[in-house]
Ligand SMILES: Nc1ncnc2c1ncn2[C@@H]1O[C@H](COP(=O)(O)OP(=O)(O)OP(=O)(O)O)[C@@H](O)[C@H]1O
């Protein structure tokens, strides 16, 4: 699931240390008492096997001694052993509970910080960057378990170290050379596990792309928006087979890795068994000669097994920490993002509403990335206050891009935009956006109630039902809302219902495209204290009557308001105060409808083409124009 490349050892260690520190800070901030309890419980869990081995030794030695057979003499260690066993079980249970509780607490804080960072990005450049988006998705997944997994691996390492330390100490007392043999035998294990770990990381990088494509096809097959086309064009089998083939690719890589792991682990296990077996032969022999007691043999066996399993746990925890840190890396990357719009060099406030002179684009150049083509090439445009400006142009001319720059979702690559003479790059972005209301081409359809769908246009007024009904009336929503089962409280979704609600048709409603569009217009009208109204194709989904009503409404609204209207249906903008044609990244012509028609330029041509569609027997398409294949 990771796109992060495996780094060279030194860099990887540094990165791991940094991620560990980050996860520890996060855990400390979200549940410091739980983490302290968890550390104590981990220490106890690490000591339990060592203490148990020693108690077993003492008990066996006392049992074996022939001269003292008082029950108190060997029952003491036996009972202590039982207590240690109970402690081990209880600690494991409490540890599991604390671990899950800590995981939930850390998840809340991690998710909150992640989405705070995401919402805090003022611009759109990162969101529209596929690389960033990819990492954002993985950060979302990592914010759930990532930090806890990292911390758990550190705790597992600590526990492994305690077990190894305790048993190595024990072996040193019994037979120092065994320690040397066990530790030497652990070196190939360590190397092999680290190598496997690196291969696993590489494999995860390799399968990441296939995994994401598999998820993409899986989502597509269940996506309600895609369902129509998938069925009409019979795309289901195509996408399903692509999904399965990506999944097979992922599985085959995992399979190769599993086989490699079995071989390596099997070899290492054999070597461990040989060392343990050799040690056992020595210990039994030493008992025969009287060098070791029966208890010594038992503690010796437990120590060899303990050191081997403890070392295994140490190595696995390093591998696990490395793997968890790869995912957590995405989280840290997103959380530490710097703002995607540069801070103001000479901060200013916008003059109080209303807009007095207007908005001006001066020699604005823009492209979406350094390696992408220029979309705007020196746009000079005045949007006068209190007037209606219409933007016209072919698909891809850059009309919506101009709107994005006006809302400061991006900054111009060159040139600047002035709001009553003030460069908007110097104004707090939230203040600028408070002064704008907009209906975007790709407006949102929120799975919320009708009332909330309108109210979110001005969150302060979210509960103001009177105002919501008022804007619903002005935007032509009220009639259809009044017919909905719960009027303004009707849920516009079928996603969030429990089983009981499913039988009740009044719980959720699916609206038509045009009805959603009217709600989006109502949402924009909710904002009262704004200067500029932007409507990007506001009537594309409306029926003829609704479109007529909307444009009458907008005409009334435009009186004394500043508005920008983008529309391909030119009849809807013909009475705008200024019609601006965008072509080749520039303003190619502008003026009132009559002036532009007289000029016989692009606007006149586009208008005539559309008008010809309403005239009977008009010849269209003309020669040389694309025609539909039969
Ligand atoms: N986020 C983006 N990243 C890269 N290129 C983009 C992005 N958004 C738009 N473009 C490109 O910018 C150009 C202008 O797009 P824009 O949406 O501004 O055109 P438009 O005039 O509004 O078109 P339409 O009439 O089809 O809505 C297009 O070529 C488009 O591919």
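Every residue gets a Cβ built from N, Cα and C, even glycine.
The range from 17-34, 107-124, 125-142, 179-196 that TrEMBL describes as transmembrane segment is residues 179-196. Below 8 angstroms of C-beta separation, residues 27-28, 81, 84-85, 87-88, 91-92, 94-95, 98-99, 102, 151, 155, 158-163, 166-167, 170, 298-299, 302-303, 306 of the same chain, each at least six residues beyond the ends of the transmembrane segment (35-54), sit close to that stretch. Contact between the transmembrane segment (154-173) and the transmembrane segment (179-196) holds: at least three of their C-beta pairs are under 8 Å, each pair 6 or more apart in sequence. Confidence over the domain 'ABC transporter' (359-609), given as mean pLDDT on the 0 to 100 scale, stands at 86.
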